[in-house]
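If you check TrEMBL, you get these features:
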REPEAT    9-50  repeat 'WD'
REPEAT    51-82  repeat 'WD'
REPEAT    93-134  repeat 'WD'
REPEAT    135-176  repeat 'WD'
REPEAT    177-218  repeat 'WD'
REPEAT    225-259  repeat 'WD'
REPEAT    260-292  repeat 'WD'
């Protein structure tokens, strides 16, 4: 079944900039250029809350992991934390000196990372509401910043055409991915934390491996990509583009699955719910739409399996997952009970063969991961040797 439009929210007076679901899917938050944060109830006939406080356009909104708070960033240079209830009380965070483009909670809900036109990325504690530190190596506006699922890394995307990967503890930039084609509008971590997806003004979506720093996948579209969101299974990616479409990409097969038309004018933002059965989109047409994912229910079973076994988007794992999903043994129908014995034997032997292949692939996967670890160790050793060499040379010359 194809994705289908489920709900339609009208109430904002200007372009939507950001959407996010609460953990329990009962609420949806949206931010808009009209300077309001709206909280919509997913229950029919329930009233929406409009939060007033920002003095200028709201650029980004996000629910905390527990759903008890909503963070928003604005062109008024402030970040606000709201309690999503009738009163709509909020506290203000001030440290940026220009528009705040992005807010994101760490998965434990303890920290907040923000990105701004003042060229910095800032990290805050949520409960003490204190500014902790700045990451300031970008040389142009920073449009987006996200914590990795384990909270150890931060990724940021800037108009200086780089995507930077930071170590939260050492506060150092570990790697810069250079996007030569254009600016980067949006970046996010894959649920496994092993790679990132980057949406660009050069009409592309790229998936980079953050351990090997290599390009894994590249999708070429027809319009600027404004926003993207990973399905919780890590198998799909939804994007929002200037040509008014939402696109769903199948990451396992590396292909476009669906193109959805709903918005009049650019689709500006998109986000999956935490369970992945819904996604929301916003557009410059002032509308917020909620879509039913409707992917094959079998995918959901796979989602849970995949998450448990911690698969990542690597070639070997691909084969595993594709074989897993792609081979369905025929289910025997009751009227087939008079089938000949040979057929059953054939199926059993096929099943056994497949199991054997899967076993072999598992071994391969483990081998590859061991090799990867060894590679990393070797790289570290090499780096040490080179550094020592540098020091010796420096000592000699001095």
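Note that Cβ sites are derived from N, Cα and C of the backbone, with glycine treated the same way.
Taking residue pairs at least 6 apart in sequence, the repeat 'WD' (93-134) and the repeat 'WD' (260-292) share fewer than three C-beta contacts under 8 angstroms.
If you look at the repeat 'WD' (51-82), the same-chain residues 6 or more away from its ends with a CB under 8 A from one of its CBs are 14, 17-24, 27, 29-39, 88-94, 96-105, 107-109, 112, 114, 116, 124, 126, 129.
For the repeat 'WD' (9-50), DSSP puts the residue distribution at 0 helix, 21 strand, 21 coil. Helix first, then strand, then coil: DSSP counts for the repeat 'WD' (93-134) stand at 0 helix, 24 strand, 18 coil.
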